[in-house]
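K.L.:
So TrEMBL says this about it:
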- R333: active site (ACT_SITE)
- Q149, H151, E176, H314: Zn(2+) binding site (BINDING)
- 50-190: domain 'Phosphomannose isomerase type I catalytic' (DOMAIN)
- 210-294: domain 'Phosphomannose isomerase type I helical insertion' (DOMAIN)
- 372-416: domain 'Phosphomannose isomerase type I C-terminal' (DOMAIN)
Amino acid sequence: MASSSTAPSSAPMGLGLALGLGAMGGLGLRLPADRDLDPELEPCSPPRPVLRLRGAVQHYEWGGRGDASLVARLAGEAADGRPCAELWMGTHPAAPSSLASEDDDEVSLRDWLARSPAALLGRAVAARWGGDLPFLFKVLSVAQPLSIQAHPDRDLARALHALRPATYRDANHKPEMAVAVTEFRALCGFVTIQELKDVLRTVPEVRMLVSKEDAAKLMTAKEHDGGIGVRSYLQSAFTKLMATSKEGVSEAISKLKSRLDGESKTRSFTEKEQLILSLEQKYPGDVGVLSAFFFNYVKLSPGEALYIGANEPHAYLSGECVECMATSDNVIRAGLTPKYKDVQTLCSMLTYKQMFPEILRGVSVQPYVTRYTPPFDEFEVDRYLLPQGESVTMSPVPGPSIFLVMTGEGEIQADGMSGEGKAKEGDVFFVPPRTEVKLHASGPGRLQLYRAGVNSRFFC
């Protein structure tokens, strides 16, 4: 870090806006005055406080309801009755988090960080990402399948936002990673050429919607020839499938169901066939039902993770997960949804890579702490699983972090806190840069927390 040309102030931390942290056990945390947030005072300025946040719940129809929804339980909305699909923790303007205050006036995390981004995000983070939090942290409760979708790269995001800002609400890319909390199922990426040949050979209802020319090219392609040629054949075939008329899709699905009904008397269905039939029940007549044959069927066990880069097709099917991504809400959909479908854009943007996605199982960075590191600078995720009576310390890092208490009870202690504070299920904390955090599990069961932060490799 460059040395400051201004002498550090010896003035005490200003009181600023008081935070009422009720369940935090009276920590007495307060927001420092603006002068204390001057980045030129680093590193000798007073410690920045750890702040409690309120996340924002998204009530999408595919979400779980009541106690069956992890999102509802964490947000205290289990008795609400509405579907609780996502809990957002971050600064995206569509659903920004706010500081948990007893005052009537809520302060959004976005506005709070804007007061002095270099101090509250770290100089490197503020310089790289324009003074905003570079990641969006979420919890998802998936009760029914989400849409067949992909997220744009930066160039496409800028173009789409400029062209249709009401649909594509920001100009950022959206790489993302999901860490399974329960058994989690998804479609992700295109199957290998050999699996695709099996589909064309054994599923006539799909083959009839793909041109004979494209089908012939794919059937004669070699596994080791998975380059531009095979990708162009796949793109042509997939685009023809997705562009099929509603009448053509309905006819193909009807024939598929009739054929499988007859074959059920002599054989068991494959996992993919079972999935296709379940998708058809939820989205009858939707082309996404047939397109699922083209995608890898992924099952994650708790603690396993999946990352998804730009322009890669995917759809979450069921389960609950912690998700982290670049700060964006751009989604391009093409099936399994009543929402707006942009089939032409999706088919033209995909990479058409054919491989099973990498499953991350995390790396132990210290006892009770597992880190998931995707190939994106914006974020990483740590999972903390502390048995009763155990403690762990997160050493100071150069960037900001958001902590979520998933289950259990404990205490949290950090620079800027006056003593220890209670941490319980659903608590969310913003931790400024260069802050050491100590966690202790004191409840009857394990204390399970998740931390999202800027990817450590960014600071190397």
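Cβ atoms are placed via backbone N, Cα and C, with glycine included.
TrEMBL does not curate its annotations; it predicts them automatically.
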K.L.:
Mean pLDDT for the domain 'Phosphomannose isomerase type I helical insertion' (210-294), as a whole number?
P.N.:
93
K.L.:
Hey, what's the Cβ neighbour count for E176 (Zn(2+) binding site) at 10 Å?
P.N.:
25
K.L.:
Other than Q149, H151, E176, H314, which residues of the same chain sit close to Zn(2+)? List them in sequence order, counting a residue when its Cβ is within 8 Å of the Cβ centroid of the site.
P.N.:
A150, K174, I308, E312, P313, V331
K.L.:
Validating a neighbour-count step here. Other CB atoms within 10 A of the CB of H151 (Zn(2+) binding site): how many?
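P.N.:
Neighbour count, Cβ to Cβ under the 10 Å cut-off: 25.
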K.L.:
Specify the nearest of the binding-site residues Q149, H151, E176, H314 to the residue listed as 'active site', where nearness means the distance between Cα atoms.
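P.N.:
Its closest listed neighbour, by Cα, is Q149.
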K.L.:
Are there residues of the same chain, six or more positions away from Q149 (Zn(2+) binding site), whose CB falls under 8 angstroms from its CB, and which are they?
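P.N.:
Listed in sequence order, they are P313, H314, A315, V331, I332, R333, A334, T337, L346.
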K.L.:
Just give the helix, strand and coil counts over the domain 'Phosphomannose isomerase type I catalytic' (50-190), going by DSSP.
P.N.:
36 helix, 40 strand, 65 coil
K.L.:
I'd like the Cβ neighbour count for the residue listed as 'active site', meaning other Cβ atoms within 10 Å of its Cβ, all protein chains included.
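P.N.:
Its Cβ shell of radius 10 Å holds 22 other Cβ atoms.
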